[in-house]
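In what follows, a structure is listed as structure tokens, so that the remarks can point back to it.
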Amino acid sequence: MRLTLEFGGGLELLCNSVKIHHVDVDLKTGEDKLSMRDLLTWIKSNLIKERPEMFVKGDSVRPGILALINDCDWELCGSLDAVVEEKDMVVFISTLHGG
Amino acid sequence: MENGDADGKPKRAAGRLCSICNQKKPALKRPKTLEQICRECFYSVFEEEIHNVIVDNHLFKPGERIAVAASGGKDSTVLAYVLSELNRRHNYGLDLFLLSVDEGITGYRDDSLETVRRNEVQYGLPLKVVSYKDLYGWTMDEIVKTIGLKNNCTFCGVFRRQALDRGAALVRADKLVTGHNADDMAETVLLNILRGDIARLSRCTFITTGEDGPIPRCKPFKYTYEKEIVMYAYFKKLDYFSTECIYSPNAYRGFAREFIKDLERIRPQAILDIIRSGENFRISTSTKMPEQGTCEQCGYISSQKLCKACLLLEGLNRGLPKLGIGRSRGPDRAKKDGKQRTLLSGVKGSDLQSKQCGTLDF
Ligand SMILES: [Zn+2]
Ligand SMILES: [Zn+2]
Ligand SMILES: [Zn+2]
């Protein structure tokens, strides 16, 4: 599944300072959808190059990190259970940086 | 992308509409009210709430010269943008300008000052940059060269706390506004409790401080959630910069921050409740409060003859840089765990963890 992932607010520092990633995520066999929970796992093992604890805590993003799916707050679409689809854009922004 | 659904993907949350206008697709959940609202309604409630805070608390008078403390970070960028909007829209009659401090740390301010310079053009607000060299006669790099990295956080915190006030006085501002938000405020209340700092606890939630001093300071974002500030900046595509002071690891504050964010996830209202608790603390009359005077040298509030900054400066200038460090209290105490950070580990380990040390001490 092709997705556009964007990291901002300092999170890009965890992925070689690259903000926008065009990725192709392999789905589990027989499935055509991907949950945010699965996507986070995929990101953690494929994109995050250092200090993963700055990005994830437990099975979710670290509190203080905002996530948007196609520019919509993920809290409106089920957070971890939200489903992403082909060509979706998922944005993660840290609010934890200096103001 | 200004209008919600430009990408033609209405599939999610499709059933529900904005709980304010009842017409558009919601774009975010407000932490303050848990309402689901669309972008346009978000812009207007976000801005109008700040306007109401300004009016209800009589923050400004027409004709005042207002320095917006601008670090290039999210809070101050959004503050500058919103204030200049509101100033126009509601005819505040304010002479607004951006005020930035250049600490003189090689490489560190280059990008953030660049951001503030772009903001100057984007929002049409004049920019004044004052350097540590102007304010103190020393750059942060020169200080670190003299004292080594071990104690630099004392200097970093103390000098930073005063820099904006001194800078604002230097450029003859009537008031200074800072981008401290509700999350910062809650964190500070908590930290003052954890440190038993009753004097700070009692004043840290004031929306305006230093009214008896040369430059009053106010915080129009006192009740504004960090999440909304960042969402606003994202939707409006405001240009901000995010990185930390490389000289500023502060573990204690980092933990308080993390705790606040954990609470917020479970119950977002907690942030406002902590602020309210801070506001409603009453200090018993038998509590001994430190006497508040002013520094003989610079006029900044101080319980001693000389304020901390002047004391540290005296040490630097006399070649006794350790002067004033021993009696330090507050954030630096957390560092006495014997772990001296090298510059490099400071960069690697701390830049996402905590806010700049000293920036939030009230
Ligand atoms: Zn609406
Ligand atoms: Zn420091
Ligand atoms: Zn002084």
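Backbone N, Cα and C atoms are what each Cβ position is placed from, and that goes for glycine too.
Small disclaimer: the values here were computed from a predicted structure and weren't measured.
If you check TrEMBL, you get these features:
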BINDING   B:Ala69, B:Ala70, B:Ser71, B:Asp75, B:Val101, B:Gly179, B:Asp184  ATP binding site
DOMAIN    B:66-249  domain 'tRNA(Ile)-lysidine/2-thiocytidine synthase N-terminal'
DOMAIN    B:293-323  domain 'Cytoplasmic tRNA 2-thiolation protein 1 C-terminal'
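B:Asp184 (ATP binding site) carries a helical DSSP state (H, G or I).
Each of the binding-site residues B:Ala69, B:Ala70, B:Val101 was checked for a CB under 8 angstroms from a CB of chain A; none meets this. Residues within less than 8 Å, Cβ to Cβ, of B:Gly179 (ATP binding site) and separated from it by at least 6 positions along the same chain comprise B:Ala69, B:Ser71, B:Gly73, B:Lys74, B:Asp75, B:Ser76, B:Thr77, B:Val78, B:Leu79, B:Lys219, B:Phe221, B:Ile229.
In the structure shown, across all protein chains, B:Ala70 is the one of the binding-site residues B:Ala69, B:Ala70 with the greatest number of other Cβ atoms within 10 Å. Summarising model confidence by region, the domain 'Cytoplasmic tRNA 2-thiolation protein 1 C-terminal' (B:293-323) averages a pLDDT of 84. Cβ environment of B:Val101 (ATP binding site): B:Val129, B:Val130, B:Ser131, B:Tyr132, B:Leu135, B:Arg160, B:Ala163, B:Leu164, B:Gly167 lie under 8 Å away, each six or more residues apart in the same chain. When Cβ neighbours within 10 Å are tallied across all protein chains shown, the highest count among the binding-site residues B:Asp75, B:Asp184 belongs to B:Asp75. Among B:Ala69, B:Ala70, B:Ser71, B:Asp75, B:Val101, B:Gly179, B:Asp184, the residues given in the record as binding ATP, the maximal Cα to Cα distance rounds to 20 Å. Its Cβ placed at the centre, B:Ser71 (ATP binding site) has 27 other Cβ atoms within 10 Å.
Counting residues of the domain 'Cytoplasmic tRNA 2-thiolation protein 1 C-terminal' (B:293-323) by DSSP class, helix then strand then coil, yields 10 helix, 4 strand, 17 coil.
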